[in-house]
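Marked as transmembrane segment by TrEMBL: 20-40, 221-241, 247-265, 752-770, 776-795, 825-846, 852-871, 878-900, 906-929. Annotation source TrEMBL lists domain 'P-type ATPase A' at 65-200. Annotation comment: TrEMBL describes 309, 311, 686, 690 as Mg(2+) binding site. For 309, 310, 311, 405, 446, 470, 502, 582, 583, 584, 660, 666, 689, 690, the entry in TrEMBL reads ATP binding site. If you look up TrEMBL, you'll see 309 marked as active site, 4-aspartylphosphate intermediate. According to TrEMBL, the feature domain 'P-type ATPase C-terminal' maps to 713-941.
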């Protein structure tokens, strides 16, 4: 806007100063670069949209199957989708290739999860054949208005099929969302939402326009430059004496000094940020790092807080069942003898009993046989899950939404009980050569609200019905029949958690056929509701979750990431405070904090648990040696009523561990830090539950792990493992910030040194507001003659990576933004005043006999050479590109002297007089400052110099 006003002012004759081209060219150049970048992005999006809209799909019509482009698909159309095809719209499945009505979909492009999801057709329409009969179906599908919740879908089908009235509830299991893909087979779906009403569109957001603190600081410094420009203009007018023309003269001076405002800085910074991102993505020691937000790489150099998820981030998300605690026995499965004993007990029981549910409910006063209990728990491990075996040739893999479940199923397989086959209707287990068939009657998937999952099965041979549930101890405690079992359950969970294991409680219950039929009818009725369906279903499910038999507790180990303790130690040495946010229990989190190096031997835990813990916030002392640990329920109270105090205390501790936190609480912690501290917050995670805090933080880092790509896609930067975060922040972040600071100071200096020359020139020549350098000289000064050397500063490094790796505390010097503080800014301004004054005053005082054109040649040449020397004196490590930029810039200037004859007197240029005058002025303007820097570094070298030269 500033330069647009400047350019427009040249249309008013009294304000015209120099050539119009001088003021329009920079504005046009910057706008053209921005417009071409936007044009490229728009064309890319248009081509991508065009490709997606023209993708062909199979539509079922009365005339048969026809091919139709995606852009012609409407609500109510029947679309047939085949394996590996993208789903074009949100649809309800009416029929699949499988006789059971099931199909697998991939949702990685929707929620980032890589596991296959099982979906099924409406039972009432699956049996209708041929498919074209669906077009004549007499029925109504009612669905709720479009919303963005991808994990919930409510609808109801009502109709008449073969003369029978049918009502069937429609849920998430019947839906397939746009942009997911079919993993196998084929299906026919009824289109219910299209275009902007699809789940993928409703969840699409414009990328957060994060403005980094570096950009804010540069905006503030640019404001100071505007103030300096106006003060200099006012000073010149005051010296000339105020009169009726003073306002015009003031405005003309502003026009002459307008180069103080660095219009090219924005372009330079944009290209610099792109360069930083390329360096990050090309670094072989960062794995598959990918910057997804090119506007804030400098933020990585200012991080004070690193908030990290645990599972999949600090740990590998590679689960292994290590311990089993049963009601009266325990097995350490890591010990070969214990694992062998458990396996033999299971085998012995299978040899004695063919019915896997036989005698499982004994009178509670008598202790059941060990082999029976072992068989029950192993059967539960194989059945109570949502794991599906997938065969690719002879190779068998398991698909599930949680690696915990796969770990339990794999252990059952290792022990001899194999999950051989699964559909929506049945599960087949195999023990040795014996197949055990179960019919799936009901499944209750795990949710973050319920913290448990359940399944009701009927043994095909005996007809017996069994109900299994599995989940967190808090979710299971109210379902158990025995008070003694509850006490045992809590003791086992605490014991396993103290060893660092993830725990799951498993319980079972035999259900009579009459009891199940009553329950099934009530549940189906609840599922037919459109409003409050989930609440009504939960009421019915809770009615059967009573008098459950406690089977045992599983202890699953999640392996730590490679060298995670060393990485966290390095990060903490850099002055970054690490907070761990996890859904685990307090005991598990404590154990992990010690293993990862978050808590050192010299640290003590400051436990904020319950209301007594909240009171500790007021009296906590010696916080630097404490690691604060808080649970989710206490955190909810603290964030609502004592958030400021909590952040004040927590930010002074050595580290913070938040246990049993929900995804929403993770985001709230980040927001509280942003609100009550002035420092940069970085959040890192690998799952969909981490997306909120990643997007809320100043910098979000996503890990592309076993939980999928959702965190990676939502982040500003994505990496493949936690071990790369130290180099990303401490090396690349620090360099990005330092390089931007140095580049910015040089651009500021380049404009201000000219302004000093112009101001002094105007004063000396009787306050005439005429430019000393016209037209092409000014354009060349800000572009061809100095841009390459100044921009090459972003290729310089002040030290080698091995030094910062060895001494990560060097990162601390940049955390507070000292490279762009006011002291550094005004030092560069003083440098500009000194060099600009020397160049113009020496040229006028020492050589008064020279005419105007020779003064221009001498001062401009001295200015260009001084700027090139300024760049050279700031370089820490030379490389071929920096040297090339210096040489080519000077060569370009030399060539322009020959071409711009209106500005240079060639006869004077080739004389010795010209050369010694230029060299003398340059030496006096540059040498004192450079020598002062050299002497200062010798006497009192910076910390980085001392460490580098050890």
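Every residue gets a Cβ built from N, Cα and C, even glycine.
Maximum C-alpha to C-alpha distance over the listed ATP-binding residues 309, 310, 311, 405, 446, 470, 502, 582, 583, 584, 660, 666, 689, 690 is 25 Å. Residues of the same chain lying 6 or more positions beyond the ends of the transmembrane segment (906-929) and with a Cβ under 8 Å from any Cβ of it are 831, 834-835, 838-839, 842-843, 846-847, 854, 857-859, 861-862, 865-866, 869-870, 873, 897-898. Closest in space to residue 502 (ATP binding site), of the binding-site residues given as 309, 311, 686, 690, is 311, taking the CA atom of each residue. Put simply, 583 is the one of the binding-site residues 446, 583, 660, 689 whose Cα lies nearest to the Cα of residue 311 (Mg(2+) binding site).
Here the CA atom of residue 583 (ATP binding site) lies 11 Å from the CA atom of residue 690 (Mg(2+) binding site). Between the binding-site residues 309, 311, 686, the minimum number of other C-beta atoms within 10 Å of a residue's C-beta occurs at 311. Per-residue pLDDT, averaged along the domain 'P-type ATPase C-terminal' (713-941), amounts to 89 for this model.
Non-local neighbours of the transmembrane segment (878-900) in the same chain are 776-777, 780, 784-789, 791-792, 795-796, 857, 861, 864-865, 868, 871-872, 906, 909; each lies 6+ residues outside the stretch with a CB under 8 Å from one of its CB atoms. The separation of residue 309 (Mg(2+) binding site) from residue 689 (ATP binding site), Cα to Cα, is 9 Å. On its own chain, residue 583 (ATP binding site) has 310, 311, 659, 660, 661, 662, 689 as residues at least 6 apart in sequence with a Cβ closer than 8 Å to its own Cβ. Within the same chain, residues at least six positions away from residue 446 (ATP binding site) with a Cβ under 8 Å of its Cβ are 386, 401, 402, 452, 453, 471.
Remote same-chain residues near the transmembrane segment (221-241) are listed as 2, 249-250, 253-254, 257-258, 260-262, 265, 744, 748, 751-752, 755, 759, 762-763, 767, 820, 825, 829 (criterion: CB distance under 8 Å, separation of at least six residues from the stretch ends). When the domain 'P-type ATPase A' (65-200) is classified with DSSP, helix, strand and coil residues number 21 helix, 60 strand, 55 coil. Other Cβ atoms within 10 Å of the Cβ of residue 689 (ATP binding site) number 21 in total over all chains. Sorted by the number of other CB atoms within 10 A, the binding-site residues 502, 690 start with 502, the lowest.
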